[in-house]
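Undergrad: Quick one: this structure, given as structure tokens, is what I'll be asking you about.
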Amino acid sequence: MQISIERIKRLYLLLALLYYLGFVNFINQLISSNHQGDEFAQNVAGSGLKQVVGIVLLAMGLYLIARLPIKQIWQGIKHNALWILLVAYFALSVSWSPVPAISFRRVIAFVTLLVVAYCLVELFEPVSLLKLVARTIAVAAALGLLYFIISPENASIRQSDIRANAFLGIMADKNTGARLYAYALLIMWGLKLYQRKWDIAACLVLLVCILLAQSATAVVMTTAGIGVITLLRLLRSPRPQHNLNRILLFCLLLAGGSLLISYFYEDLLALLGRDPTLTNRVIIWQLMDTYVAQHQWLGYGFGAFWASDAVDGFVDSWGYIGNAHSGYYEALLNGGMVCLIIVCLLFIKTLADLVKRYISRPDGHFYAVLIPIILLQVVVNYVAFIIINHNCYDMFIFALVSFMGCYPAAQYQLQPRPHVGHFNRALQLTCGQPHE
């Protein structure tokens with residue numbers, strides 16, 4: 001029996017979403033729940049199940065890319081030079097890493113994420129792909145609520161601190177899961193997926209999960225993101241010159257809002273129930289400054305710092321925390337100032353690509369959904385390790401949006417949403433036909 005290329009593409013899509021939206025990680029948690037050990041050792045060893053699935057995704061992705069027209073492949077290389085530079089730099093960092101085997105494995109994992117995101121954007125219609133991503137996240141949220149009802153002790157945090165009883169669902173971390181639910185809500189709002197009963201139910205489930213997770217970051221992301229998406233859609237005009245003028249006005253409003261937030265920073269933190277140290281993040285960053293200064297320009301090698309002996313002093317005084325709780329600090333630890341500069345350039349290029357298409361393309365309303373997501377990630381990366389984190393769902397979303405912004409082919413056609421009878425049917429039909 002022969003399997004058609006269309007079936008392979010859809011199988012790849014399914015496996016990618018299961019892997020990068022939390023389902024495989026949940027299965028891994030269930031399998032390894034009886035084998036809890038030292039957190040440092042677990043971080044170094046990684047997950048066997050995830051490694052196997054990752055290798056399958058990488059192999060299938062490379063096969064699908066190899067089937068693309070040569071011209072399309074060269075266009076992809078041209079428009080994603082910064083991503084290629086970042087991967088090449090991480091690969092080079094293996095040579096000075098104190099734990100080269102671990103750095104090599106994590107470079108492969110990072111490459112896999114980029115290959116998967118690139119394949120999905122190249123093979124599937126982007127609007128439909130985003131719809132499917134949002135609805136798949138909603139399914140993960142619904143499963144999490146069901147798990148919370150069945151086994152509340154495993155689906156919530158059981159600690160005596162401020163995180164006590166916070167909702168986890170099928171996610172390993174409450175803030176990571178809550179941010180993922182926030183992305184889904186923003187996509188559904190921006191693409192107007194709130195006009196049918198199953199989509200309304202999905203939005204309510206996502207909102208409930210965000211509130212149960214007690215994540216101030218996700219609450220701010222949701223409210224600010226919906227506001228910015230609404231504003232960009234209202235400002236959008238069929239005339240590119242008007243759009244340019246209005247995007248400049250938006251930038252002024254954004255700058256003014258940023259100044260107000262910085263002025264009332266401590267008051268806003270108090271309103272959100274957060275302390276000025278951002279739950280000890282500021283203290284952690286101050287301790288990290290010493291380690292950053294020791295390898296200021298090149299860092300410790302990709303993924304090496306928290307798996308090497310270099311972290312021993314920090315662990316002795318603070319305990320093992322796995323990351324610096326800031327993507328910018330992690331960029332410095334992983335690749336020094338060189339890595340931080342490339343990451344900042346990636347943010348700038350992605351935003352520039354999205355804004356350019358928002359201004360000039362007839363389907364500019366689609367980019368009004370993507371621009372706020374990247375703007376929010378610029379801020380969130382300050383208080384969470386999301387960018388260049390191959391284990392983070394945020395990074396998968398960032399890669400998808402980045403590739404959508406630089407994809408040169410004018411094939412983003414807004415298609416009418418299929419009329420479906422129930423939620424599962426919607427998941428099956430949302431993702432349109434793959435591009436040949």
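Cβ from N, Cα, C; glycine included.
Remember, it's a predicted structure, so these values are computed and weren't measured experimentally.
Per TrEMBL, transmembrane segment is recorded for 12-31, 51-70, 82-101, 107-125, 132-150, 204-235, 247-265, 331-352, 364-387, 393-410. The annotation domain 'O-antigen ligase-related' is assigned in TrEMBL to 201-343.
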Undergrad: Tally Cβ pairs under 8 Å between the transmembrane segment (132-150) and each listed stretch (12-31, 51-70, 107-125), then give the stretch with the top tally.
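TA: Looking at each of 12-31, 51-70, 107-125 in turn, the most contacts to the transmembrane segment (132-150) are made by 12-31.
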Undergrad: By DSSP, what is the split of the domain 'O-antigen ligase-related' (201-343) into helix, strand and coil residues?
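TA: The composition, in the requested order, is 108 helix, 0 strand, 35 coil.
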Undergrad: Please indicate, using numbers and ranges, the residues of the same chain that are 6 or more beyond the transmembrane segment (51-70) and have a C-beta under 8 Å from a C-beta there.
TA: 5, 8-9, 12, 15-16, 19, 24, 76, 105, 108-109, 111-112, 115-116, 118-119, 122-123
Undergrad: Using a Cβ-Cβ cut-off of under 8 Å, list the residues of the same chain that are 6+ residues beyond the ends of the transmembrane segment (12-31) and lie near it.
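TA: Residues 47, 49-50, 53-54, 56-57, 60-61, 64, 113, 116, 119-120, 123-124, 132-133, 136-137, 140, 143, 170-172, 177, 180, 393, 396, 431.
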Undergrad: Please tell me whether the transmembrane segment (364-387) and the transmembrane segment (204-235) touch - that is, whether there are at least 3 C-beta pairs under 8 Å between them, with each pair 6 or more apart in sequence.
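TA: Checked: the transmembrane segment (364-387) vs the transmembrane segment (204-235), in contact.
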